[in-house]
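Working notes, beginning with the structure itself.
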Amino acid sequence: MSDTTQTQDPWATAPADAGAAPAHDAAANAGDAWSSAPPPAAHDAAGQGADWLSSAPAQPEHFSLLDPFHKAWVPFDSWVTQGIDWLVLHFRPLFQGIRVPVDVILSGFQQLLLGMPAPIAILVFSLVAWQIAGLGMGAATLLSLVAIGAIGAWSQAMVTLALVLTALFFCILIGLPLGIWLARSKHAAKVIRPLLDAMQTTPAFVYLVPIVMLFGIGNVPGVVVTIIFALPPIVRLTILGIKQVPEDLIEAAESFGASPRQLLFKVQLPLAMPTIMAGVNQTLMLALSMVVIASMIAVGGLGQMVLRGIGRLDMGLAAIGGVGIVILAIILDRLTQSLGRDRRSKGIGRWYRRGPIGLFTRPFIKQA
């Protein structure tokens, strides 16, 4: 009767038996988070880990003539890493000292360009363009700069212009004397020209890692990497311009007793100036092309706008930075081309008789 009652009563407590004990213990252990008994899966994982640790090492790879370069023979990457680490450890103060003149020039350009009200800056740039390249270029510069301000990129454009002008200043300061020296010394040219080839052909991204380790990040390291990237053209074209000076002119100057210094500054450099200005033009274009890449090491300006636009998939922001860079590139390209033009062969008068300066000086100068 009692068995029948328990069968019919669903709430009756079943008697404990020996077979139910293991299930009870397993449930208790599973519910007890602090239980010391590991689950079976843990034992399996521990066993697998022990097998992996105690397993035999992999067999060494054998050299194959059919695939000889599947592994590097020379640890060039570790050599470069160790070399950069050694430079950072021993010469970091020297590289930090190099930052000082770059920072001074860059700060001066930024204070001048950003501190000047936009209408006055546009007027000054337009007058300079008129003086250098004519009235048409002055009007085009005026409209172009107004367009940059209208799309909301004026401040960033001035920062970019300061970066480019600073890089150009140091490229001329380094490249012009270096080009003159290499044009006169064949032995030095044999040593320096491979370095110029390497500087001009190395991808721009490769410069960023050592520059960051040696100089840090910011606008000053961006100027340094731009100088390295944009220096070769002005050196090469300075060499070319001096070597293209006709030999008979050099012999004539020497026959009249010209000293080497007079020969350089009175004959060679004036005749080589169109070629040198072509080098300045190429240096400017390379500096502007480096603006976007240098923005990856926290360089401000229009390149930073392009980088942010790419990161956010904001095509409008990237387009504003790109259009600003293009407008600056066109203006600087036309101005440097005008500076390198041989005005004497075109019958153009002296600089103080043309442009806005000529408007004021012409009444006071006796016409020739």
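Note: Cβ is positioned from N, Cα and C throughout, glycine not excepted.
Record features (TrEMBL):
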{"type": "COMPBIAS", "residues": "9-51", "note": "compositional bias 'Low complexity'"}
{"type": "DOMAIN", "residues": "157-336", "note": "domain 'ABC transmembrane type-1'"}
{"type": "REGION", "residues": "1-51", "note": "region 'Disordered'"}
{"type": "TRANSMEM", "residues": "120-151", "note": "transmembrane segment"}
{"type": "TRANSMEM", "residues": "157-183", "note": "transmembrane segment"}
{"type": "TRANSMEM", "residues": "204-231", "note": "transmembrane segment"}
{"type": "TRANSMEM", "residues": "283-303", "note": "transmembrane segment"}
{"type": "TRANSMEM", "residues": "315-332", "note": "transmembrane segment"}
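315-332 is the stretch from 157-183, 283-303, 315-332 with the greatest number of Cβ pairs below 8 Å to the transmembrane segment (120-151). Non-local neighbours of the transmembrane segment (157-183) in the same chain are 102, 105-106, 109-110, 112-114, 121, 148, 189, 192-193, 219, 222-223, 226-227, 230-231, 234-239, 242-243, 264, 276, 279-280, 283-284, 287-288, 291, 294, 299-303, 324-325, 327-328, 332; each lies 6+ residues outside the stretch with a CB under 8 Å from one of its CB atoms.
If one looks beyond the transmembrane segment (315-332) by at least 6 residues along the same chain, the residues whose Cβ comes under 8 Å of a Cβ in the stretch are 125, 129, 140-141, 144-145, 147-148, 151-153, 156-157, 160-161, 164, 284-285, 288, 291-292, 302-306, 308-309.
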